[in-house]
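What Swiss-Prot says about this one:
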TRANSMEM  11-31  transmembrane segment
TRANSMEM  63-83  transmembrane segment
TRANSMEM  88-108  transmembrane segment
ACT_SITE  D118  active site
TRANSMEM  131-151  transmembrane segment
ACT_SITE  D136  active site
Amino acid sequence: MHKKYFIGTSILIAVFVVIFDQVTKYIIATTMKIGDSFEVIPHFLNITSHRNNGAAWGILSGKMTFFFIITIIILIALVYFFIKDAQYNLFMQVAISLLFAGALGNFIDRVLTGEVVDFIDTNIFGYDFPIFNIADSSLTIGVILIIIALLKDTSNKKEKEVK
């Protein structure tokens, strides 16, 4: 018999990501001034103290009410999809847990300080990528996993139709 929900695993992932996100942001906010930076891997990775009161690339800067409302809607939708569409699917449940943790991590920042602490500063193939944080990474990985799960599901359905 297969497990319908992997609640323990999902909660563990979400709690770990949120704690790791908040601890790293706290360390940056309390030990570095905004704009301070140090090189970790030359020409690739810096730790740079930055604040963002918008979304990626500063989109919708200062629109906190919008972010509060949309984040609450997203968190509720993720719980709904977890319950309705991720049954028996550990991979999808992990993806949703990562999305939930990422959204919650940045939501906590916005509620407490009105801005998000960003600090991971990368230069990828000469492109100075926008500074981000652990919550952003969790969101990105969650989206990638959901895309993989959906593509895999579509592929499995096509295989069944052929048989």
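Glycine residues also receive a Cβ, built from the backbone N, Cα and C atoms like all the rest.
Here D136 (active site) comes close to A56, G102, N106, D118, I120: these same-chain residues lie at least six apart in sequence, with C-beta atoms under 8 angstroms from its C-beta. A simple way to gauge crowding: the CB of D118 (active site) has 23 other CB atoms within 10 angstroms, across all the protein chains here. Under the three-state DSSP scheme, D118 (active site) falls in the strand class.
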